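So that you can see what the record holds, here are the features copied from TrEMBL:
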type	residues	note
BINDING	57-61, 130-136, D159, G326, H377, D444	(6S)-NADPHX binding site
BINDING	N58, D126, S162	K(+) binding site
BINDING	K414, G415, K416, H417, T418, G443	AMP binding site
DOMAIN	9-216	domain 'YjeF N-terminal'
DOMAIN	225-504	domain 'YjeF C-terminal'
Amino acid sequence: MYIVTAKEMYDIDDYTISEIGLEGKLLMENAGRAVSERVIKLIRETEPVCIFIGAGNNGGDGFVIARVLLDKGYLVQVVQVVPDEKITGDALFHKRVFIQCGGEVSYLTDLDLIREKVERVHVVIDAIIGIGVKGVLREPIQEIVRIINHSKACVISVDIPSGLPADEGIGEFTSIQADYTFVIAAAKESSFMVDTADFYGQWEIVPIGIPNFVFQNNTAKRQWAEEDFGKTIPSRHVHAHKGSHGKGLIIGGCSEMPGSLAMATKAALKAGAGLVAAGTTEKVISMIAAMCPEATYMILPEKDGYITGCTASPISNYDAIAVGIGLGRREETRHVVAELLNNAPCPLLIDADGLYHLKYQLEMLKQRSEPTIITPHPGEMAMLLGISISDLLSAPFHYTRDFAKANRVYIILKGKHTIITSPEGRQAMESSGNPGLAKGGTGDVLTGISLAMMMQQQELFDALCNACFIHGKSADIQIEEKQTYYDLMATDVIDGISKVYRAFPCKRV
Ligand SMILES: NC(=O)C1=CN([C@@H]2O[C@H](COP(=O)(O)OP(=O)(O)OC[C@H]3O[C@@H](n4cnc5c(N)ncnc54)[C@H](OP(=O)(O)O)[C@@H]3O)[C@@H](O)[C@H]2O)[C@@H](O)CC1
Ligand SMILES: Nc1ncnc2c1ncn2[C@@H]1O[C@H](COP(=O)(O)OP(=O)(O)O)[C@@H](O)[C@H]1O
Ligand SMILES: [K+]
(Lines of atoms letter the chains of each structure in order from A and count residues from 1; the text may use other names and numbers.)
(Lines give C-alpha, C1' and ligand atoms only; values in the text may rest on other atoms or scores of the structure.)
(Ligands and ions follow the chains in the order given, each with its own letter.)
Protein backbone atom coordinates (compact mmCIF):
# COMPACT_ATOMS: atom_id res chain seq x y z
CA MET A 1 0.00 0.00 0.00
CA TYR A 2 1.36 3.36 -1.05
CA ILE A 3 1.16 6.62 0.90
CA VAL A 4 0.82 9.88 -1.03
CA THR A 5 0.53 13.63 -0.74
CA ALA A 6 -2.21 15.39 -2.71
CA LYS A 7 0.38 16.44 -5.32
CA GLU A 8 1.69 12.90 -5.72
CA MET A 9 -1.89 11.63 -6.16
CA TYR A 10 -2.58 14.25 -8.83
CA ASP A 11 0.66 13.28 -10.64
CA ILE A 12 -0.37 9.62 -10.47
CA ASP A 13 -3.84 10.44 -11.86
CA ASP A 14 -2.37 12.65 -14.60
CA TYR A 15 0.09 9.99 -15.73
CA THR A 16 -2.58 7.29 -15.73
CA ILE A 17 -4.88 9.47 -17.80
CA SER A 18 -2.43 11.06 -20.24
CA GLU A 19 0.27 8.40 -20.67
CA ILE A 20 -1.60 5.15 -20.06
CA GLY A 21 -4.87 6.28 -21.54
CA LEU A 22 -7.24 5.33 -18.74
CA GLU A 23 -9.58 8.30 -19.03
CA GLY A 24 -10.61 10.39 -16.03
CA LYS A 25 -14.25 9.41 -16.54
CA LEU A 26 -13.27 5.75 -16.31
CA LEU A 27 -11.21 6.29 -13.15
CA MET A 28 -14.18 8.11 -11.66
CA GLU A 29 -16.47 5.24 -12.62
CA ASN A 30 -14.03 2.77 -11.01
CA ALA A 31 -13.73 4.91 -7.89
CA GLY A 32 -17.49 5.34 -7.50
CA ARG A 33 -18.16 1.64 -8.11
CA ALA A 34 -15.44 0.52 -5.72
CA VAL A 35 -16.82 2.77 -2.95
CA SER A 36 -20.41 1.65 -3.69
CA GLU A 37 -19.42 -2.01 -3.27
CA ARG A 38 -18.16 -1.26 0.23
CA VAL A 39 -21.18 0.92 1.09
CA ILE A 40 -23.56 -1.86 0.06
CA LYS A 41 -21.88 -4.18 2.54
CA LEU A 42 -22.36 -1.61 5.32
CA ILE A 43 -25.97 -0.46 4.88
CA ARG A 44 -29.36 -1.99 4.14
CA GLU A 45 -31.59 -0.98 1.16
CA THR A 46 -34.26 0.28 3.54
CA GLU A 47 -31.97 2.83 5.18
CA PRO A 48 -32.43 6.26 3.61
CA VAL A 49 -29.19 7.71 2.26
CA CYS A 50 -28.33 11.31 1.44
CA ILE A 51 -25.30 11.97 -0.77
CA PHE A 52 -23.77 15.44 -0.44
CA ILE A 53 -21.96 16.54 -3.58
CA GLY A 54 -19.49 19.38 -4.16
CA ALA A 55 -18.04 20.94 -7.30
CA GLY A 56 -14.94 18.90 -8.03
CA ASN A 57 -14.13 15.32 -8.97
CA ASN A 58 -14.92 14.16 -5.44
CA GLY A 59 -18.49 15.21 -6.22
CA GLY A 60 -18.17 13.29 -9.51
CA ASP A 61 -17.44 10.13 -7.50
CA GLY A 62 -20.62 10.95 -5.57
CA PHE A 63 -22.75 10.92 -8.74
CA VAL A 64 -21.41 7.45 -9.66
CA ILE A 65 -22.19 6.17 -6.15
CA ALA A 66 -25.70 7.66 -6.39
CA ARG A 67 -26.32 5.85 -9.69
CA VAL A 68 -25.08 2.48 -8.39
CA LEU A 69 -27.13 2.71 -5.19
CA LEU A 70 -30.25 3.86 -7.07
CA ASP A 71 -29.89 0.92 -9.43
CA LYS A 72 -29.67 -1.47 -6.47
CA GLY A 73 -32.94 -0.13 -5.07
CA TYR A 74 -31.54 2.07 -2.29
CA LEU A 75 -33.49 5.15 -1.14
CA VAL A 76 -31.04 7.75 -2.40
CA GLN A 77 -31.32 11.53 -2.25
CA VAL A 78 -28.66 13.70 -3.85
CA VAL A 79 -27.93 17.17 -2.50
CA GLN A 80 -25.63 19.36 -4.56
CA VAL A 81 -24.11 22.06 -2.33
CA VAL A 82 -22.80 24.23 -5.20
CA PRO A 83 -24.71 25.82 -8.13
CA ASP A 84 -25.10 23.87 -11.39
CA GLU A 85 -22.52 25.92 -13.30
CA LYS A 86 -19.80 24.73 -10.88
CA ILE A 87 -20.29 21.09 -11.94
CA THR A 88 -18.03 20.61 -14.96
CA GLY A 89 -15.86 18.04 -16.77
CA ASP A 90 -16.00 14.39 -15.70
CA ALA A 91 -18.28 15.24 -12.77
CA LEU A 92 -20.82 16.83 -15.15
CA PHE A 93 -20.57 13.76 -17.40
CA HIS A 94 -21.48 11.47 -14.48
CA LYS A 95 -24.18 13.84 -13.25
CA ARG A 96 -25.87 13.59 -16.67
CA VAL A 97 -25.56 9.79 -16.69
CA PHE A 98 -27.14 9.69 -13.22
CA ILE A 99 -30.04 11.87 -14.39
CA GLN A 100 -30.47 9.74 -17.56
CA CYS A 101 -30.84 6.76 -15.23
CA GLY A 102 -33.76 8.42 -13.44
CA GLY A 103 -31.79 10.14 -10.68
CA GLU A 104 -32.76 13.50 -9.21
CA VAL A 105 -30.42 16.17 -7.94
CA SER A 106 -31.44 19.07 -5.68
CA TYR A 107 -29.25 22.11 -5.30
CA LEU A 108 -29.69 23.17 -1.68
CA THR A 109 -27.99 25.83 0.39
CA ASP A 110 -30.86 26.61 2.79
CA LEU A 111 -29.35 25.38 6.03
CA ASP A 112 -32.71 24.66 7.70
CA LEU A 113 -33.76 22.45 4.81
CA ILE A 114 -30.40 20.67 4.90
CA ARG A 115 -30.69 20.15 8.66
CA GLU A 116 -34.18 18.66 8.21
CA LYS A 117 -32.95 16.33 5.48
CA VAL A 118 -29.96 15.15 7.48
CA GLU A 119 -32.15 14.45 10.50
CA ARG A 120 -34.36 12.15 8.45
CA VAL A 121 -31.69 9.93 6.87
CA HIS A 122 -29.71 7.06 8.40
CA VAL A 123 -26.66 7.47 6.22
CA VAL A 124 -24.81 10.49 4.83
CA ILE A 125 -22.31 9.96 2.04
CA ASP A 126 -19.82 12.81 1.98
CA ALA A 127 -18.62 13.60 -1.55
CA ILE A 128 -18.30 17.34 -0.99
CA ILE A 129 -14.54 17.89 -1.31
CA GLY A 130 -11.64 15.47 -1.69
CA ILE A 131 -7.92 16.07 -1.88
CA GLY A 132 -8.51 19.38 -3.68
CA VAL A 133 -9.37 21.26 -0.49
CA LYS A 134 -7.58 24.59 -0.01
CA GLY A 135 -7.53 26.22 3.41
CA VAL A 136 -10.38 26.30 5.89
CA LEU A 137 -13.83 25.49 4.44
CA ARG A 138 -15.80 28.48 3.16
CA GLU A 139 -19.46 29.10 3.98
CA PRO A 140 -21.98 27.64 3.48
CA ILE A 141 -19.99 24.40 3.18
CA GLN A 142 -18.46 24.86 6.63
CA GLU A 143 -21.94 25.09 8.20
CA ILE A 144 -23.18 22.10 6.17
CA VAL A 145 -20.24 20.10 7.52
CA ARG A 146 -21.19 21.17 11.07
CA ILE A 147 -24.78 20.05 10.51
CA ILE A 148 -23.60 16.65 9.26
CA ASN A 149 -21.21 16.29 12.19
CA HIS A 150 -24.03 17.03 14.67
CA SER A 151 -26.43 14.53 13.11
CA LYS A 152 -27.00 10.97 14.27
CA ALA A 153 -26.51 9.62 10.74
CA CYS A 154 -23.67 7.26 9.93
CA VAL A 155 -21.22 9.35 7.86
CA ILE A 156 -19.28 7.70 5.05
CA SER A 157 -16.64 9.86 3.35
CA VAL A 158 -15.39 9.38 -0.17
CA ASP A 159 -11.58 9.46 -0.43
CA ILE A 160 -11.08 11.78 2.54
CA PRO A 161 -13.38 13.49 5.06
CA SER A 162 -14.35 16.79 3.38
CA GLY A 163 -12.26 19.69 4.62
CA LEU A 164 -9.41 17.54 5.91
CA PRO A 165 -6.03 18.16 4.22
CA ALA A 166 -4.47 15.13 2.53
CA ASP A 167 -0.94 16.16 3.51
CA GLU A 168 0.84 16.23 6.85
CA GLY A 169 1.85 19.57 8.34
CA ILE A 170 -1.25 21.62 7.52
CA GLY A 171 -2.40 23.57 10.58
CA GLU A 172 -5.91 24.93 10.40
CA PHE A 173 -8.91 23.07 8.96
CA THR A 174 -12.56 22.19 9.56
CA SER A 175 -13.55 18.67 8.64
CA ILE A 176 -16.29 16.11 8.39
CA GLN A 177 -15.98 13.59 11.20
CA ALA A 178 -16.48 10.34 9.31
CA ASP A 179 -17.50 6.97 10.70
CA TYR A 180 -16.00 5.29 7.64
CA THR A 181 -13.80 6.56 4.84
CA PHE A 182 -13.18 4.70 1.60
CA VAL A 183 -9.85 6.06 0.50
CA ILE A 184 -9.28 6.09 -3.25
CA ALA A 185 -6.22 4.29 -4.68
CA ALA A 186 -3.59 5.19 -2.03
CA ALA A 187 -3.43 6.23 1.62
CA LYS A 188 -3.12 9.96 2.20
CA GLU A 189 -0.50 11.17 4.69
CA SER A 190 -3.12 12.69 7.00
CA SER A 191 -4.63 9.28 7.74
CA PHE A 192 -1.63 8.55 10.00
CA MET A 193 -1.10 11.87 11.78
CA VAL A 194 -1.94 12.34 15.45
CA ASP A 195 -4.10 15.45 14.76
CA THR A 196 -5.96 14.23 11.67
CA ALA A 197 -6.20 10.40 11.74
CA ASP A 198 -9.34 10.24 13.88
CA PHE A 199 -11.43 12.22 11.36
CA TYR A 200 -11.29 9.25 8.97
CA GLY A 201 -13.11 6.87 11.33
CA GLN A 202 -12.49 3.32 10.12
CA TRP A 203 -10.84 3.48 6.75
CA GLU A 204 -9.89 1.23 3.90
CA ILE A 205 -8.26 1.75 0.52
CA VAL A 206 -10.23 0.96 -2.62
CA PRO A 207 -8.23 0.25 -5.79
CA ILE A 208 -9.41 1.92 -9.02
CA GLY A 209 -7.20 0.28 -11.64
CA ILE A 210 -4.08 2.47 -11.51
CA PRO A 211 -1.06 0.23 -12.27
CA ASN A 212 1.43 -0.48 -9.50
CA PHE A 213 4.42 0.96 -11.36
CA VAL A 214 2.78 4.37 -11.56
CA PHE A 215 2.70 4.53 -7.76
CA GLN A 216 6.28 3.27 -7.56
CA ASN A 217 7.46 6.04 -9.89
CA ASN A 218 5.67 8.80 -8.04
CA THR A 219 6.00 8.14 -4.33
CA ALA A 220 8.80 6.98 -2.05
CA LYS A 221 6.42 6.19 0.83
CA ARG A 222 4.57 2.97 1.52
CA GLN A 223 3.23 0.77 4.26
CA TRP A 224 5.21 -2.28 5.33
CA ALA A 225 2.74 -5.14 5.46
CA GLU A 226 2.67 -8.79 6.49
CA GLU A 227 3.27 -9.81 2.88
CA ASP A 228 6.45 -7.71 2.82
CA PHE A 229 7.74 -9.52 5.89
CA GLY A 230 6.87 -12.88 4.31
CA LYS A 231 8.67 -11.94 1.08
CA THR A 232 11.85 -10.46 2.57
CA ILE A 233 12.58 -12.38 5.76
CA PRO A 234 15.77 -14.34 5.06
CA SER A 235 15.91 -18.10 5.05
CA ARG A 236 17.89 -20.26 7.52
CA HIS A 237 20.11 -22.63 5.60
CA VAL A 238 20.20 -26.27 6.71
CA HIS A 239 24.01 -26.09 6.80
CA ALA A 240 24.04 -22.75 8.65
CA HIS A 241 26.38 -22.30 11.61
CA LYS A 242 26.33 -19.52 14.19
CA GLY A 243 28.62 -17.37 12.07
CA SER A 244 26.08 -17.42 9.23
CA HIS A 245 23.64 -15.35 11.24
CA GLY A 246 25.87 -12.58 12.46
CA LYS A 247 28.06 -11.68 15.38
CA GLY A 248 26.67 -8.61 17.13
CA LEU A 249 27.83 -6.37 19.95
CA ILE A 250 25.58 -4.28 22.19
CA ILE A 251 27.25 -1.57 24.26
CA GLY A 252 25.33 0.02 27.09
CA GLY A 253 24.14 -0.38 30.66
CA CYS A 254 25.17 1.27 33.90
CA SER A 255 24.56 0.42 37.55
CA GLU A 256 21.13 2.13 37.55
CA MET A 257 19.98 0.67 34.22
CA PRO A 258 21.33 -2.86 33.79
CA GLY A 259 18.05 -4.43 32.64
CA SER A 260 17.87 -2.62 29.31
CA LEU A 261 21.10 -4.24 28.14
CA ALA A 262 19.88 -7.67 29.26
CA MET A 263 16.64 -7.27 27.32
CA ALA A 264 18.28 -6.01 24.13
CA THR A 265 20.81 -8.87 24.24
CA LYS A 266 18.16 -11.50 24.80
CA ALA A 267 15.91 -10.02 22.09
CA ALA A 268 18.78 -10.07 19.57
CA LEU A 269 19.44 -13.76 20.20
CA LYS A 270 15.74 -14.62 20.19
CA ALA A 271 15.29 -12.77 16.88
CA GLY A 272 17.93 -14.92 15.22
CA ALA A 273 21.41 -13.42 15.74
CA GLY A 274 24.14 -16.10 15.66
CA LEU A 275 26.27 -14.64 18.46
CA VAL A 276 25.72 -11.63 20.70
CA ALA A 277 28.18 -9.99 23.05
CA ALA A 278 27.15 -7.40 25.64
CA GLY A 279 29.82 -4.75 26.29
CA THR A 280 29.42 -3.06 29.66
CA THR A 281 30.89 -2.51 33.14
CA GLU A 282 32.02 -5.43 35.30
CA LYS A 283 29.27 -4.67 37.82
CA VAL A 284 26.52 -4.72 35.20
CA ILE A 285 27.83 -8.01 33.85
CA SER A 286 27.54 -9.55 37.29
CA MET A 287 23.97 -8.21 37.51
CA ILE A 288 22.69 -9.51 34.15
CA ALA A 289 24.79 -12.51 33.10
CA ALA A 290 22.38 -15.01 34.65
CA MET A 291 19.45 -13.49 32.73
CA CYS A 292 21.04 -14.28 29.40
CA PRO A 293 23.46 -17.21 29.63
CA GLU A 294 23.57 -17.60 25.83
CA ALA A 295 25.39 -14.25 25.41
CA THR A 296 29.07 -13.46 25.90
CA TYR A 297 30.28 -10.44 27.83
CA MET A 298 32.96 -7.81 27.30
CA ILE A 299 34.23 -5.77 30.25
CA LEU A 300 34.61 -2.09 29.35
CA PRO A 301 36.45 0.66 31.23
CA GLU A 302 34.27 2.67 33.58
CA LYS A 303 34.10 5.60 36.02
CA ASP A 304 31.54 5.66 38.86
CA GLY A 305 29.58 2.84 37.21
CA TYR A 306 29.41 4.45 33.70
CA ILE A 307 31.26 3.21 30.62
CA THR A 308 34.05 5.55 29.50
CA GLY A 309 35.47 3.89 26.39
CA CYS A 310 35.24 0.90 24.10
CA THR A 311 37.83 0.88 21.35
CA ALA A 312 40.51 -0.75 23.49
CA SER A 313 38.45 -3.87 22.84
CA PRO A 314 38.38 -5.56 19.39
CA ILE A 315 35.30 -4.01 17.82
CA SER A 316 36.48 -4.97 14.34
CA ASN A 317 35.23 -8.54 14.87
CA TYR A 318 31.56 -7.73 14.71
CA ASP A 319 29.01 -7.66 11.90
CA ALA A 320 26.90 -4.98 13.59
CA ILE A 321 27.05 -2.90 16.77
CA ALA A 322 24.33 -1.20 18.84
CA VAL A 323 25.10 1.47 21.41
CA GLY A 324 23.19 3.67 23.80
CA ILE A 325 20.67 1.73 25.85
CA GLY A 326 21.10 2.32 29.57
CA LEU A 327 24.37 4.13 28.83
CA GLY A 328 23.66 7.22 30.96
CA ARG A 329 24.27 10.84 29.97
CA ARG A 330 27.55 11.53 31.79
CA GLU A 331 29.99 13.65 29.82
CA GLU A 332 32.71 10.99 30.25
CA THR A 333 30.49 8.57 28.34
CA ARG A 334 30.03 10.84 25.34
CA HIS A 335 33.16 9.76 23.57
CA VAL A 336 32.04 6.08 23.65
CA VAL A 337 29.63 7.14 20.93
CA ALA A 338 32.35 9.23 19.23
CA GLU A 339 34.76 6.28 19.21
CA LEU A 340 32.15 4.06 17.59
CA LEU A 341 31.17 6.69 15.02
CA ASN A 342 34.84 6.96 14.10
CA ASN A 343 35.89 3.34 14.24
CA ALA A 344 32.97 0.89 13.99
CA PRO A 345 33.72 -0.94 10.72
CA CYS A 346 30.18 -2.24 10.37
CA PRO A 347 26.56 -0.97 10.59
CA LEU A 348 26.12 0.99 13.83
CA LEU A 349 22.78 1.45 15.58
CA ILE A 350 22.43 4.32 18.07
CA ASP A 351 19.53 4.42 20.51
CA ALA A 352 18.37 6.04 23.76
CA ASP A 353 21.16 7.84 25.69
CA GLY A 354 23.42 7.28 22.69
CA LEU A 355 21.17 9.71 20.79
CA TYR A 356 21.62 12.30 23.50
CA HIS A 357 25.40 12.03 23.05
CA LEU A 358 25.02 12.02 19.26
CA LYS A 359 23.40 15.46 19.39
CA TYR A 360 26.84 16.91 20.27
CA GLN A 361 28.60 15.25 17.33
CA LEU A 362 26.02 15.07 14.55
CA GLU A 363 28.58 16.12 11.93
CA MET A 364 30.36 12.76 12.40
CA LEU A 365 27.44 10.90 10.83
CA LYS A 366 28.33 12.11 7.32
CA GLN A 367 31.92 10.92 7.69
CA ARG A 368 31.00 7.28 8.24
CA SER A 369 31.56 4.85 5.40
CA GLU A 370 29.38 2.12 6.94
CA PRO A 371 25.65 2.68 7.56
CA THR A 372 24.42 4.32 10.76
CA ILE A 373 20.94 3.70 12.10
CA ILE A 374 19.19 5.80 14.75
CA THR A 375 16.06 4.60 16.56
CA PRO A 376 14.54 7.64 18.33
CA HIS A 377 11.10 8.01 19.89
CA PRO A 378 9.52 11.38 19.05
CA GLY A 379 11.12 13.10 22.08
CA GLU A 380 14.59 12.00 21.00
CA MET A 381 13.99 12.88 17.34
CA ALA A 382 12.71 16.35 18.29
CA MET A 383 15.82 16.82 20.46
CA LEU A 384 18.09 15.90 17.53
CA LEU A 385 16.21 18.28 15.23
CA GLY A 386 16.03 21.10 17.79
CA ILE A 387 12.25 21.43 17.35
CA SER A 388 9.21 20.72 19.54
CA ILE A 389 7.62 17.26 19.63
CA SER A 390 4.33 18.71 18.36
CA ASP A 391 6.08 20.28 15.35
CA LEU A 392 7.76 16.95 14.59
CA LEU A 393 4.50 15.02 14.88
CA SER A 394 2.67 17.45 12.61
CA ALA A 395 5.02 16.54 9.73
CA PRO A 396 7.05 13.42 10.63
CA PHE A 397 7.58 12.27 7.02
CA HIS A 398 9.07 15.63 6.11
CA TYR A 399 11.33 16.06 9.15
CA THR A 400 12.70 12.52 9.16
CA ARG A 401 13.32 12.51 5.40
CA ASP A 402 15.22 15.79 5.54
CA PHE A 403 17.30 14.68 8.53
CA ALA A 404 18.07 11.26 7.02
CA LYS A 405 19.20 12.77 3.72
CA ALA A 406 21.20 15.59 5.29
CA ASN A 407 23.04 13.29 7.71
CA ARG A 408 23.16 10.10 5.58
CA VAL A 409 21.51 8.04 8.28
CA TYR A 410 18.73 5.45 8.54
CA ILE A 411 15.99 6.44 10.99
CA ILE A 412 13.39 4.39 12.83
CA LEU A 413 11.01 7.01 14.28
CA LYS A 414 9.03 4.99 16.81
CA GLY A 415 5.34 5.40 17.56
CA LYS A 416 1.90 3.95 16.88
CA HIS A 417 2.87 4.24 13.23
CA THR A 418 6.64 3.78 13.10
CA ILE A 419 8.35 5.50 10.14
CA ILE A 420 11.49 3.92 8.72
CA THR A 421 13.56 6.21 6.47
CA SER A 422 16.66 5.50 4.36
CA PRO A 423 19.47 8.01 3.68
CA GLU A 424 18.07 8.35 0.13
CA GLY A 425 14.66 9.40 1.48
CA ARG A 426 12.79 6.14 0.91
CA GLN A 427 10.14 5.75 3.63
CA ALA A 428 8.01 2.93 5.03
CA MET A 429 5.39 3.01 7.71
CA GLU A 430 5.03 -0.02 9.95
CA SER A 431 1.81 -0.06 11.96
CA SER A 432 1.76 -3.30 13.95
CA GLY A 433 1.88 -3.05 17.74
CA ASN A 434 -0.54 -1.74 20.33
CA PRO A 435 -0.78 0.48 23.42
CA GLY A 436 0.58 -2.37 25.57
CA LEU A 437 3.98 -1.36 24.15
CA ALA A 438 3.75 2.04 25.85
CA LYS A 439 5.94 0.84 28.71
CA GLY A 440 9.62 1.17 29.62
CA GLY A 441 11.91 -1.39 28.05
CA THR A 442 10.03 -2.09 24.82
CA GLY A 443 12.38 0.20 22.88
CA ASP A 444 15.36 -1.82 24.17
CA VAL A 445 13.73 -4.96 22.80
CA LEU A 446 13.35 -3.27 19.41
CA THR A 447 17.06 -2.39 19.47
CA GLY A 448 17.95 -6.05 20.03
CA ILE A 449 15.66 -7.28 17.27
CA SER A 450 16.99 -4.61 14.91
CA LEU A 451 20.58 -5.64 15.57
CA ALA A 452 19.70 -9.25 14.74
CA MET A 453 17.89 -8.26 11.54
CA MET A 454 20.77 -5.99 10.42
CA MET A 455 23.06 -9.04 10.35
CA GLN A 456 20.83 -11.28 8.22
CA GLN A 457 20.99 -11.55 4.45
CA GLN A 458 18.55 -8.80 3.56
CA GLU A 459 18.69 -5.23 2.38
CA LEU A 460 19.27 -2.95 5.39
CA PHE A 461 16.09 -0.96 4.82
CA ASP A 462 14.01 -4.17 4.68
CA ALA A 463 15.84 -5.47 7.76
CA LEU A 464 14.78 -2.42 9.80
CA CYS A 465 11.18 -2.67 8.57
CA ASN A 466 11.13 -6.36 9.46
CA ALA A 467 12.52 -5.63 12.94
CA CYS A 468 9.64 -3.22 13.57
CA PHE A 469 7.19 -5.79 12.24
CA ILE A 470 8.49 -8.60 14.50
CA HIS A 471 8.41 -6.28 17.53
CA GLY A 472 4.87 -4.99 16.96
CA LYS A 473 3.46 -8.32 15.82
CA SER A 474 4.90 -10.06 18.86
CA ALA A 475 3.05 -7.59 21.09
CA ASP A 476 -0.15 -8.09 19.06
CA ILE A 477 0.01 -11.88 19.34
CA GLN A 478 0.64 -11.69 23.09
CA ILE A 479 -2.42 -9.43 23.50
CA GLU A 480 -4.57 -11.79 21.38
CA GLU A 481 -3.45 -14.86 23.30
CA LYS A 482 -3.00 -13.97 26.92
CA GLN A 483 -2.08 -10.45 27.94
CA THR A 484 -3.77 -7.05 28.12
CA TYR A 485 -2.62 -3.51 27.34
CA TYR A 486 -2.07 -3.10 31.08
CA ASP A 487 0.13 -6.05 31.90
CA LEU A 488 2.20 -6.55 28.74
CA MET A 489 5.88 -6.33 29.71
CA ALA A 490 8.91 -5.77 27.52
CA THR A 491 10.07 -9.30 28.40
CA ASP A 492 6.73 -10.67 27.09
CA VAL A 493 7.55 -9.02 23.77
CA ILE A 494 10.82 -11.00 23.71
CA ASP A 495 8.90 -14.24 24.38
CA GLY A 496 6.43 -13.38 21.62
CA ILE A 497 9.17 -13.33 18.97
CA SER A 498 8.92 -17.14 18.77
CA LYS A 499 5.21 -16.83 18.03
CA VAL A 500 5.83 -14.40 15.17
CA TYR A 501 8.27 -16.83 13.56
CA ARG A 502 5.82 -19.71 14.04
CA ALA A 503 3.00 -17.66 12.51
CA PHE A 504 5.13 -16.65 9.50
CA PRO A 505 7.51 -19.57 8.98
CA CYS A 506 10.52 -18.44 6.97
CA LYS A 507 11.88 -20.45 4.12
CA ARG A 508 14.44 -23.13 4.86
CA VAL A 509 16.99 -23.54 2.11
N1 LIG B 1 -8.86 11.73 -12.29
C2 LIG B 1 -8.82 12.11 -11.05
O3 LIG B 1 -8.18 13.06 -10.70
C4 LIG B 1 -9.62 11.34 -10.09
C5 LIG B 1 -10.05 11.96 -8.91
N6 LIG B 1 -10.89 11.38 -8.08
C7 LIG B 1 -11.58 12.14 -7.04
O8 LIG B 1 -11.36 13.51 -7.24
C9 LIG B 1 -10.97 14.15 -6.03
C10 LIG B 1 -10.12 15.34 -6.35
O11 LIG B 1 -10.89 16.13 -7.21
P12 LIG B 1 -10.57 17.66 -7.51
O13 LIG B 1 -9.17 17.84 -7.83
O14 LIG B 1 -11.56 18.09 -8.53
O15 LIG B 1 -10.83 18.37 -6.13
P16 LIG B 1 -11.98 18.17 -5.03
O17 LIG B 1 -11.39 17.44 -3.88
O18 LIG B 1 -13.23 17.64 -5.59
O19 LIG B 1 -12.20 19.65 -4.49
C20 LIG B 1 -12.22 20.74 -5.35
C21 LIG B 1 -13.45 21.55 -5.07
O22 LIG B 1 -13.46 21.94 -3.72
C23 LIG B 1 -13.65 23.32 -3.61
N24 LIG B 1 -12.92 23.83 -2.47
C25 LIG B 1 -11.58 23.70 -2.23
N26 LIG B 1 -11.27 24.26 -1.07
C27 LIG B 1 -12.41 24.75 -0.54
C28 LIG B 1 -12.71 25.43 0.66
N29 LIG B 1 -11.77 25.73 1.56
N30 LIG B 1 -13.99 25.76 0.89
C31 LIG B 1 -14.95 25.49 0.00
N32 LIG B 1 -14.73 24.83 -1.18
C33 LIG B 1 -13.47 24.48 -1.43
C34 LIG B 1 -13.13 23.91 -4.88
O35 LIG B 1 -13.82 25.09 -5.11
P36 LIG B 1 -13.06 26.35 -5.78
O37 LIG B 1 -12.10 26.82 -4.74
O38 LIG B 1 -12.41 25.84 -7.00
O39 LIG B 1 -14.19 27.30 -6.01
C40 LIG B 1 -13.46 22.82 -5.88
O41 LIG B 1 -14.76 22.99 -6.35
C42 LIG B 1 -10.30 13.07 -5.25
O43 LIG B 1 -10.32 13.35 -3.87
C44 LIG B 1 -11.13 11.86 -5.63
O45 LIG B 1 -12.29 11.79 -4.82
C46 LIG B 1 -11.39 10.05 -8.38
O47 LIG B 1 -12.58 10.21 -9.08
C48 LIG B 1 -10.44 9.22 -9.22
C49 LIG B 1 -9.98 9.94 -10.41
N1 LIG C 1 0.52 3.05 21.44
C2 LIG C 1 1.46 2.33 20.79
N3 LIG C 1 1.11 1.59 19.71
C4 LIG C 1 2.05 0.87 19.05
N5 LIG C 1 3.37 0.83 19.41
C6 LIG C 1 3.76 1.55 20.45
C7 LIG C 1 2.84 2.33 21.21
N8 LIG C 1 3.54 2.95 22.20
C9 LIG C 1 4.81 2.56 22.09
N10 LIG C 1 4.96 1.73 21.03
C11 LIG C 1 6.24 1.11 20.59
O12 LIG C 1 6.99 0.74 21.75
C13 LIG C 1 8.36 1.10 21.61
C14 LIG C 1 8.73 2.13 22.69
O15 LIG C 1 10.05 2.55 22.54
P16 LIG C 1 10.72 3.64 23.51
O17 LIG C 1 9.82 4.81 23.64
O18 LIG C 1 12.10 3.85 23.05
O19 LIG C 1 10.69 2.87 24.89
P20 LIG C 1 11.80 2.63 26.01
O21 LIG C 1 12.91 3.60 25.80
O22 LIG C 1 11.08 2.91 27.28
O23 LIG C 1 12.20 1.23 25.88
C24 LIG C 1 8.51 1.62 20.19
O25 LIG C 1 8.88 0.56 19.33
C26 LIG C 1 7.11 2.11 19.84
O27 LIG C 1 6.86 2.06 18.45
K1 LIG D 1 -15.01 13.75 0.73
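Using N, Cα and C of the backbone, Cβ positions are placed for all residues, glycine too.
TrEMBL entries are annotated by machine, without manual review.
TrEMBL feature annotations superimposed on the structure.
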residue : record                   : DSSP (3 states)
N57     : (6S)-NADPHX binding site : helix
I131    : (6S)-NADPHX binding site : coil
H377    : (6S)-NADPHX binding site : coil
K414    : AMP binding site         : coil
Given the binding-site residues D61, D126, D159, and counting only Cβ atoms in the protein chains shown, which has the most within 10 Å of its Cβ? D61
Show, in sequence order, which residues other than N58, D126, S162 on the same chain lie with their Cβ within 8 Å of the centre of the Cβ atoms of the K(+) site. F52, G54, G59, G62, A127, I128, I129, G130, S157, V158, D159, I160, P161, G163, I176
D126 (K(+) binding site) and G59 ((6S)-NADPHX binding site), distance between Cα atoms, whole Å: 9
Please check the binding-site residues N57, D61, I131, G135 against ligand 3 and give me the ones with CB under 6 A, sequence order. none
By a 10 Å Cβ neighbour count, the lowest-scoring of the binding-site residues G59, G135 is G135
Return the residues near K414 (AMP binding site) by Cβ distance under 8 Å, restricted to its own chain and a separation of at least 6 in sequence. T375, P376, H377, P378, G443, L446
Near V133 ((6S)-NADPHX binding site) in space, meaning Cα within 10 angstroms, which of the binding-site residues do we find among D126, S162, K416, H417, T418? S162
Roughly how many Å lie between the Cα atoms of I131 ((6S)-NADPHX binding site) and N58 (K(+) binding site), rounded to a whole value? 8
Residues sitting within 8 A of the centre of the K414, G415, K416, H417, T418, G443 CB atoms (AMP site), not counting those, run H377, L413, I419, G433, C468
Quick check for you: of the binding-site residues G135, D159, G415, K416, H417, T418, which have their Cα within 10 Å of the Cα of N58 (K(+) binding site)? D159
Candidate with the highest Cβ count within 10 Å, taken from the binding-site residues N57, N58, S162: S162
Can you tell me which of these binding-site residues sit near ligand 1, meaning the Cβ is under 6 Å from at least one of its atoms: D126, I131, V133, K414? I131, V133
